[in-house]
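Student: Quick one: this structure, given as structure tokens, is what I'll be asking you about.
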Amino acid sequence: MLLAALLASIFLHVGRATFNDSTCGRTKGCFVPADPECYQGCNGMKFSWLVTGEGLMEIQLAVDADSADGVYVAVGFSTDDLMGDESVIECSALLGQPLSLKFSYNINATTDPSTNGEPTNWRLNRTGSEFLINSTTSFTDGSVYCAATVNISGAVDAGLLRFDPARLYYLLMANGPTDAKGLVHHVHDVTSPKPMNLSNIVPGFDSDPCGISKGCFLGMFNDYTLNGVAVSYRMISASFIAFELVAPAATKDGVFVAVSFAFDRRVAYSQSIECSSLGNESLSMKFSYNDDYGNNARIAGEETIRDTYFTEESAVFQDGQIYCSAVVNVEGSSVSDKIFKYTAKPYFLILTTGQTNGTGLLPPTFTEISTLSTPLTNNEASFDATVCGVDKNCILPEQCYGGCNGMGFSYKILPNSMMRVELFSVLTASNQYIAVGFSDDNKMGDDYVIECSALQNKHYNLKFSYNNNTPSNVRITGEETIRSSYFTQRVIVSADGELYCTALVNVSGWSQNNQVFTYNPTQKYYLLLASGFTNTEGLNQHKHTFISTPRLLAGDDSAGTFNNATCGTKKGCFVSSESNGMAVSYEVLSPESIRFELTMKTTATSSLYLAVGFSKDDKMGLDNVIECSALTGQPLSMKFSYNPALKNARIPGEETIRPQYFQNETATISDGMMYCAATVNVSGWGPSNGQVFTYKENQRYFLLLAAGSAITSGLTQHSVTAVSSSRLLTDYGAQGSTGLSSTVRKRLIKAHAILMILSWFFFVPTAVMFARFLRASWPTMKPGGLLIWFHVHRTFNTIAILLSIASFVCILTANSWEWTGPGSQSSDWGKKHTMVGIFALCLCWIQPFVSAMRCNPAHPRRQFFNWVHRGIGVIAMILATTTVCIAAIHFLSIWPHKISQTTLSLMPLVILLIMSAVFLCIDKFIDVDELNLSKLYQEPMIGSKEEAGSQEPLIEPNEEKPLGSQKASGSEGSEKSSADQKTQDSADVANEKKEKVSLRKILLSTGATNPTITRLRRSHRHGIDNDYIIDFRWNWGIIH
């Protein structure tokens, strides 16, 4: 028995083990991707790690599942971001076997011919369970969970694991089914966005993206060298900003780093966000403020909102630094007006660091205030990356020799030998430079140079210099005499850890010295970016370098850049307004040959696409497609494909004609831009049955641009779309787009859904419930001469109709007023949603007209109207509920999450049940009773003599019993003579007539018109023996 109890205890303990998100970024490192990051959603995949000692690492794996049988979640440790040649730790239950942790391995696509060219997971000769200490597995609340301490050294020595905690690894997570042999191809997968050092809980502060993907304020010593104190900010929306705070520290206890937001460079009256441990408490992010004297103070009640205002929080002490990051709600709080509330005004940032005690922050040991103010929306003081590839060409490297140091360069060739340039980098010292060389090869030597530099003890300025063939950078004799005339409209900013320089540069050369940059429009240039430190004579050897691909600076297909300067003259263009800057150009060379370009900004280097569809309308379906894509494991290239309906499809055999149909092809991903160009044979291909694009000279086309992720088998659903106006491809001057952007369209669709939910499942049920349950309630309250229930019934139904009309307009606008039901190119479920919804709306909208045609309550056919009115309402509600469920379950692009689908599906039923319960309670406790009935009897009739002053009641009962009691009392006593019975019957009839007259007076006094009492029945409701069924017209409504 003792053994059984022990086993049961262990089982219960294991069964309750779950993944604890709350300690992520604090006591363990976590990779918890969000659904948009994963292929087909993440399905709750989670991985955590903590290197606890020499050769030991605690791990946890979790995933959502229907059962613990035949399922797996796995993590691979890869040196690149692609599957193949990496060790794997998996939490799996091979078919028929219990859940357990195991080691396995992903082979690459060429190791085994049986893999059909795709990387595959392999079983090892043993699971390695002896190297998984304290292994725990569970299946709880729909989640599979495994945890253990991995003996890394032992597993590595046994050949089961290739892993070194000191190295950087991409984490490859996957989830899918298993069979008896091993893991089946994954259903969900994701790769970490950057390689990670698992010896750290969090990656820490990275200054390379400063000025590009996030804004930074980096603290400096007096000699302009970085001191390690920094804050970064990345605007997510007007309500949320991602912040990072970092500072050197000797311990995690009793320390802080904080940033305050001021409008005038004064610490006083400023709001703060801090990363601190007060006394011996754990490190965490908090709100605080600085009082009138500049002293930091606690905010009463602030601790109650931390968990909801700081999300995705990390707070650690590692590598001699305290580091905190979180997505912060910056809407302010009703708790206190001292909680940071973001405004669009620019802020001066105040960095402080120092010690704490148990109650707050002590006076800081370091304080620095930014020289410039920033509105927090700019990642770099002046650089605008949103027009890269559209209004200017940009070099924004992410991988550089020695790190990129936030380097960037943009250029735009203008008329009259002028060029607009921008140069920027992270500023780490007072004597620094950022320079770009214009070279005819990919090596330094004999290169023109434009630099932004401060030679020792000098100010920052833009200059020309030259790389000789040594190679080394040299000054140009006399160059300083032409700077003011060759560099005009200069802006130079060297503050807050950023160096930014821009100017309009004369690039026509200088007759006095041929080392000054002379631009050659036909020359392809390699752009050599470099940054480093200066001396009194010039530039020292660079610390950071990057070399671009060759290009014509004015733009050229083969150079791998999109030249928008020739749009409208030499070629036609459609440049979308979406944030990724996707664009297509077309130049008709002959009826059989067109030069196409496709380009967009991207951070991905594989498994992506940009496609253009040629459509007769502005909708997807039956469209020829030309795409620039890199299917998983394949290089970037141009291809034909086809849209049979709302999904892209491969064309059988199309790959065999690519070399002949795409001539002079260029396909590159460089400097954050994807670019494809080729001269395309557009004469069609017979075997494709019209699926390969065939150009027709007199055909007007809508150009459908779409971008998204690609997989091995083709293109996934697009994440960004744009639709052009209708145009001839020979019309290079065609401008603009048609329809709405994908963002606006999605907002309209969601507005449609929200308005319909409110209309059908709040206003309509409320109106029905008042009519069904509350007719007899509040009989003495008659605003405007109408009972309360009728006010609510009529008003709420009217609001419901207006909301449904507004919702209908929203969805028509989102679909460009195009039919999406049967006969359209919509999906099957889209057609069903449209038709069922149309029927529901039609029934809803005809109800007011049906009500207006109702007959008199006394009419013998009134019951037919009642049933028709009810039947239309019930059928409409059933159809509306069906329509909502179709949208919730089948419109995955709008409601991709299971929680959203379940909520929307159950919402109608839940709302109806709740409202039914509420109104049943109201019907029971708020009703006609003796008190309000007595009050009703005492009310004077409108316009009667009683109203003028008589206090006599309208009903004068013969006894103290309620109305009709005479008849009841008259029936007592079974032994009465026939004469007495007749006398009593006559009296009852007379009393009944008197009661009806009295009731008629009451109804007239309440504003009723032409009341008729049609039937008398026995009842004991509310203590009344005779219950009359009364029909009367009340203003414009008939009450029964």
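Using N, Cα and C of the backbone, Cβ positions are placed for all residues, glycine too.
Sharing the feature lines straight out of TrEMBL:
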{"type": "COMPBIAS", "residues": "973-993", "note": "compositional bias 'Basic and acidic residues'"}
{"type": "DOMAIN", "residues": "43-176", "note": "domain 'DOMON'"}
{"type": "DOMAIN", "residues": "227-354", "note": "domain 'DOMON'"}
{"type": "DOMAIN", "residues": "405-532", "note": "domain 'DOMON'"}
{"type": "DOMAIN", "residues": "580-708", "note": "domain 'DOMON'"}
{"type": "DOMAIN", "residues": "712-929", "note": "domain 'Cytochrome b561'"}
{"type": "REGION", "residues": "945-993", "note": "region 'Disordered'"}
{"type": "SIGNAL", "residues": "1-17", "note": "signal peptide"}
{"type": "TRANSMEM", "residues": "753-774", "note": "transmembrane segment"}
{"type": "TRANSMEM", "residues": "795-814", "note": "transmembrane segment"}
{"type": "TRANSMEM", "residues": "834-853", "note": "transmembrane segment"}
{"type": "TRANSMEM", "residues": "874-894", "note": "transmembrane segment"}
{"type": "TRANSMEM", "residues": "906-926", "note": "transmembrane segment"}
Student: What are the DSSP helix, strand and coil residue counts for the domain 'DOMON' (227-354)?
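Tutor: So the counts come to 7 helix, 76 strand, 45 coil.
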Student: With DSSP, how much of the domain 'DOMON' (43-176) is helix, how much strand and how much coil, in residues?
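Tutor: Counting residues per DSSP class in the domain 'DOMON' (43-176), I get 12 helix, 71 strand, 51 coil.
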Student: Can you work out the mean pLDDT of the predicted model over the domain 'DOMON' (227-354)?
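Tutor: Here the predicted model's pLDDT, averaged over the domain 'DOMON' (227-354), is 92.
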Student: Are there residues at least 6 beyond the ends of the transmembrane segment (795-814) whose Cβ is under 8 Å from a Cβ of it, and what are they?
Tutor: 740, 745, 748-749, 751-753, 755-756, 758-760, 763-764, 766-767, 770, 841, 844-845, 847-848
Student: Quick one: DSSP breakdown of the domain 'DOMON' (405-532) into helix, strand and coil?
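Tutor: The breakdown for the domain 'DOMON' (405-532) reads 7 helix, 76 strand, 45 coil.
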Student: Take the domain 'DOMON' (580-708) and count its residues per DSSP category (helix H/G/I, strand E/B, coil), listing them in that order.
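Tutor: Taking the domain 'DOMON' (580-708) as a whole: 10 helix, 69 strand, 50 coil.
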